[in-house]
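Trainee: Please read through the structure below; I'll follow up with questions.
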Amino acid sequence: MKEKTIIIVGGGQAAAMAAASLRQQGFTGELHLFSDERHLPYERPPLSKSMLLEDSPQLQQVLPANWWQENNVHLHSGVTIKTLGRDTRELVLTNGESWHWDQLFIATGAAARPLPLLDALGERCFTLRHAGDAARLREVLQPERSVVIVGAGTIGLELAASATQRRCKVTVIELAATVMGRNAPPPVQRYLLQRHQQAGVRILLNNAIEHVVDGEKVELTLQSGETLQADVVIYGIGISANEQLAREANLDTANGIVIDEACRTCDPAIFAGGDVAITRLDNGALHRCESWENANNQAQIAAAAMLGLPLPLLPPPWFWSDQYSDNLQFIGDMRGDDWLCRGNPETQKAIWFNLQNGVLIGAVTLNQGREIRPIRKWIQSGKTFDAKLLIDENIALKSL
């Protein structure tokens with residue numbers, strides 16, 4: 001019997017790891033990856049950090065360059081897909097080529113959620129999703145330039161830190177009442193706000209841009225009535241899933257391709273993962289997880305599901321952020337206001353713990369990354385703790 005053909009659409013983390021996972025899990029059939037980028041699949045997290053800060057930055061490839069040929073994966077880079085061919089099982093490119101598939105994995109990622117008021121500035125306005133975006137930013141983030149960043153989420157704060165380290169004068173505008181309000185607990189939000197302010201970043205909370213005038217400098221009028229002058233304007237206010245191909249194929253979408261917990265779409269032969277995907281939970285709610293690890297996890301899950309293998313167990317959600325000299329790692333459930341702190345954040349070494357009825361459900365480490373491994377095991381096992389012992393620095397965590 002002829003082996004099936006699997007096509008992967010996308011060129012990022014989830015796409016590359018899906019190819020790797022399929023081969024690792026025993027798939028020996030024909031495997032193709034189609035991407036509109038000309039680079040080999042590369043790591044996205046460094047774009048806001050090392051790609052802006054290192055003297056001679058290089059893209060970090062997800063897989064070694066020789067891996068693709070050695071594992072008989074056909075790479076089609078710099079191509080544009082016209083249609084997925086859901087009914088015909090023939091993917092069609094804009095150049096007229098068509099490629100048969102038996103199963104499809106979509107990992108087309110996401111674009112920056114648009115902000116029309118700033119998009120009208122054209123090339124004077126910047127977002128960060130791809131290597132080319134980082135290269136453009138690197139050129140304009142020069143010492144003493146005034147930089148305005150709209151959005152104080154993870155990407156906004158990482159860019160603020162990098163721009164400050166490049167000796168720019170940075171102002172951050174945030175509509176919400178706090179920084180990283182969507183994915184950090186209150187004590188970590190307070191720490192990060194203070195950390196940036198101490199570094200010289202001006203952070204304007206509960207504020208937004210009302211009017212923009214493009215001149216020698218960009219003039220930004222805020223809701224508060226204040227006017228800012230900027231050499232460089234950057235924004236990061238969320239994502240817009242690259243779901244157009246899926247919509248045109250009549251797959252279920254909701255600012256993301258709707259998948260189940262096996263990464264399967266409404267078509268049993270089509271799977272999706274990474275930032276383009278949004279999971280429908282058992283209770284009907286839709287949940288998106290935008291992280292490097294989630295892309296890896298969903299690639300492994302989709303590969304197993306495509307091959308009819310048992311699905312791997314999901315670890316607790318985890319992501320990290322590097323800002324200035326700080327490494328913060330977030331694991332588990334970030335909800336809730338009652339967090340315990342081990343250590344002193346003022347010394348830039350601390351761990352915040354989230355206990356629910358004594359059970360550890362989440363944690364954030366500040367420059368204590370070596371502790372993530374035991375914490376992950378505790379969260380997975382539902383381990384209970386005495387709060388006083390957990391925050392006592394005289395007691396080694398590994399002894400608890």
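Residue 1 is the first one shown; counting continues down the chain.
Including glycine, each Cβ sits where the backbone N, Cα and C put it.
Look at Swiss-Prot and you will find 5-36 tagged as FAD binding site, backed by sequence analysis. According to Swiss-Prot, the feature NAD(+) binding site maps to 146-174, an assignment based on sequence analysis.
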Trainee: If I take the Cα of Val9 (FAD binding site) as reference, which of the binding-site residues Ser146, Thr154, Arg166 has the closest Cα?
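Mentor: Among Ser146, Thr154, Arg166, Thr154.
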Trainee: Tell me which of the binding-site residues Ser146, Glu158, Ser162, Val170 ends up closest to Thr5 (FAD binding site) in space, Cα to Cα.
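Mentor: Looking at Cα distances from Thr5 (FAD binding site), the smallest one goes to Glu158.
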Trainee: Which one is closest to Thr154 (NAD(+) binding site) in space, judged by CA to CA distance, out of the binding-site residues Gln13, Gln25, Gly29, Leu33?
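Mentor: Spatially nearest to Thr154 (NAD(+) binding site) by Cα position is Gln13.
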Trainee: Name the residues of the same chain, 6+ apart in sequence, whose Cβ is under 8 Å from the Cβ of Ser162 (NAD(+) binding site)?
Mentor: Ser48, Lys49, Leu52, Leu53, Leu141
Trainee: If you compare CA-to-CA distances from Arg166 (NAD(+) binding site) to each of the binding-site residues Gln25, Gly29, Leu33, which comes out shortest?
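Mentor: That would be Leu33, nearest by Cα distance.
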Trainee: Among Ser146, Val150, Glu158, Val170, Glu174, these being the binding-site residues, pick the one whose CA is nearest to that of Gln25 (FAD binding site).
Mentor: Glu158
